[in-house]
Amino acid sequence: MDKFLINFILIIISLILFLRGFFPVQYTSGNDSARPTQLNGIEFNLEQLYKPEVDRLVFIIVDALRWDFITQQNFPNLAPAFHQHGCMHKVHVQSPTVTLPRIKALTTGRVPQFLDVVLNLVGTNKLNDSILHQAKNAGKRIIFYGDDTWLKLYPDVFERWEGVTSFFVNDYTEVDNNVTSNVLNELSNSDWDIMVLHYLGLDHIGHVHGPFSPLVQPKLQEMDKVFKRIYDETKVWNKKTLVVVTGDHGMKDSGGHGGATYAETYVPFIAVGLPCVNGSIKQIDIPATLSVLLGLELPSSSIGRPVLNMLVGLSQDRQLYILNYVSSLIKSISDQYEEILNDATSYHYKFMVSNSTKDATSAQIQYQAYINMVTENLLHVSAVQDDYTLLVSILALLNLLCVVFSNLCFLGDGTTTQLAVTLILIIQLLPTLLLTSVLSIALLLYFLLQNVVKVARCVKPNDNGIFIICTVLYLSSLQSSSFIEEEHQTWYFMLGTCILLKGYKLKHFQMLPILIFIRFIRTMNPSGDKWSHLPTLSSWFVLEENYVFYQILFCSSLMLIYFCCNKLLKRHSLVIPLILIFIYVFHTCFEKSPTVGKFIWLGIGFNFLLELYRFKNYADQFVVCWILLCSLLIRPHNLVLIPICLFSCALVQNYLKNSLHITMITLLIGKVFFFAQGNGNSFASVDVASGYVGLQSYVPSIVFLQIVCHTYTFPVLVTLFTITTHSRLVWEISIFFRTLTLVTTCTAILIQRHHLFVWSVFAPKLLVESFNCIELLVELLIFKFIKLSKCNSIQTDVNKVNVY
């Protein structure tokens, strides 16, 4: 156990090294965003060429506002307003589609780091340059109400503000009412220039109920009434006011977001109060456009282009000046395509001399071509990887994989390789020279060749041929972006194939019910990307007209769970049925009551300690405790998956005799049910609502713990279920396959790091595998701690006996 734990810790360190080498290093910001004052010796008249078009801006962000939500029925006031007095643009949002990086894109005009998806959960760092900073420097007074993420990013920008937490997803009423009440008060004040509003209610409804919930349309109509109230007030102000309504990201059909599906990456940008023309833009174009309309300097790191469809009221010389300004800023970030910029400035200069419309048109075309080409290039190369670090980490992982496999086959402990890899990782984590990296690679290749020869002696297909074939097929599928998006299909196929062939070979078919279970659970929840829009059993059960069937399923699931717990404990417990009854009451009547939720938590803990004290059966108690905890966190219609999973594992253990095959198939079952629950290789599949079960406010540690427990319900469940009889094999096989998958994923990413879908498919897959490894490491450490505690307890009892 100890040597496997050490190996896995080294694997985690190698993974950290790979992550450090792979994830984006931001491009350098422009040194100066000041407006150009002359072109080839001819002075610009800045007062005429770059002046504000609007006096006031109301910027409304409706979190998770999908493009297809903008209809006459949902927005009876907004729709005619932008048709008559404005325009609507279709906005493409870059991945990842989570709030923090999208706010950064909306305010800075740059592509945020991909790891901002992690920072979105654990915290934020304030920004030093954005359209808000430029507005404040220009003397504009800014007020804000809404998502408190803005206050963490911009703590010293707003004159007045009130933040609401973006993480408590069970609240979709008060969270918006608080914003609206402040808006109504501010409409009568004249001491502000920019008002930023960020409404969260729609996003919270999506997380809990999905985009097709009957709660969605009333929420959209509520946002429409807010717009109408603001727009009506702007008509009486003696100032040119622009009202903007947009979304930070969209919403997947399952209700989450974070991925790169169409519904997540396209949102509306609606401007009312300015003559403009409909079109399509990128989200990073918004800060540059608003800066121009407000007469502000551009954010120094912006790579967005001003939307000319929003500037149709400007004269040609003003449009050319704006394009020259944006081009100058982008040139300070990237020195590519300078010949196109030179052509543009040449035509611009001729226009300034001759006032020729032909030269102006040519200059505009060349400016736009230059800006578009540089922006597209920066979007694709904003991530600069360290190839040497990536290669060293993959070679280290390969060596450690060989060590794990050698230990699995009793070919030695691999201590020499461990020490060499440890030394190389320590060196590589420090600032190193190119020569050091080359020597590290050479040394790792030397050890790898030695280990491969050793491992080759251990590979004997024998009775394990089907598992080897399935493993090869799965690892091959990781080279394809489509197979990664639809990975659940691979796991369903592998489990069904293994069960069918094992039953045929052993001439008994008692495990065939597992095939029926697979067919049932794959229709339970939406999974993957391509067919996630299709109706599922879960969406059918939650319909109001099917409430009776929903309750029947819920109650039946709880009774089956009670039966499973009794079977595991081999006795009847009085506390477990009480806990299950409270879980039923909680989900049916008191879902927003923190008191009932806490009471259930206490009941689970009390039952665990009581049974542990009376019977000292660690393994079974942990399984039962985990089942009860997950029964609280899982959505009621998914509870039936728990007894089905346990029954499937019991069938495998009863009718297979080979310990290796039992362990591998039960772990395979855990992976299948992981996807059947609705999880996948996209951040949008994470059920954020599970983190707030029994909570009335945002407590980061508890929310994170509950989300992790919910996400890994079934992998942990099958591990606990199998560990009582096959402890050593569970850990060894889990570490081996986790490492094998990680090595394959890292290698695929290294090879395809310039792939079109590297950030929308491969990078999320890498982060998912990273979380899987960390989860397994935590399991190992907890198991090790419990094992030591149990040994100390036994030793204490022995000492007492000796004393007497």
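Glycine residues also receive a Cβ, built from the backbone N, Cα and C atoms like all the rest.
All TrEMBL annotations are machine predictions without curation.
Features as listed in TrEMBL:
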TRANSMEM  388-411  transmembrane segment
TRANSMEM  423-446  transmembrane segment
DOMAIN    441-577  domain 'GPI ethanolamine phosphate transferase 2 C-terminal'
TRANSMEM  466-484  transmembrane segment
TRANSMEM  547-565  transmembrane segment
TRANSMEM  572-590  transmembrane segment
TRANSMEM  596-613  transmembrane segment
TRANSMEM  618-634  transmembrane segment
DOMAIN    634-767  domain 'GPI ethanolamine phosphate transferase 2 C-terminal'
TRANSMEM  661-678  transmembrane segment
TRANSMEM  698-723  transmembrane segment
TRANSMEM  735-754  transmembrane segment
Would you say the transmembrane segment (572-590) and the transmembrane segment (735-754) are touching, if the rule is that at least three C-beta pairs must lie under 8 angstroms and be 6 or more residues apart? no
Residues sitting near the transmembrane segment (661-678): Cβ under 8 Å, six or more positions beyond its termini, same chain? 254, 463-464, 467, 487-488, 491-492, 494-495, 498-499, 502, 514, 518, 521-522, 524-527, 538, 634, 638, 641, 644-645, 648-649, 652-653, 685, 687, 712-719, 721-722, 725-726, 729-730, 733-734, 737
Average pLDDT across the domain 'GPI ethanolamine phosphate transferase 2 C-terminal' (634-767), rounded to a whole number: 87
Tertiary contacts of the transmembrane segment (596-613), as residues 6+ beyond its ends and Cβ separation under 8 Å: 569, 573, 575-576, 578-579, 582-583, 585-586, 590, 621, 624-625, 628-629, 632, 693-695
Counts by DSSP class (helix H/G/I, strand E/B, coil) across the domain 'GPI ethanolamine phosphate transferase 2 C-terminal' (634-767): 102 helix, 0 strand, 32 coil
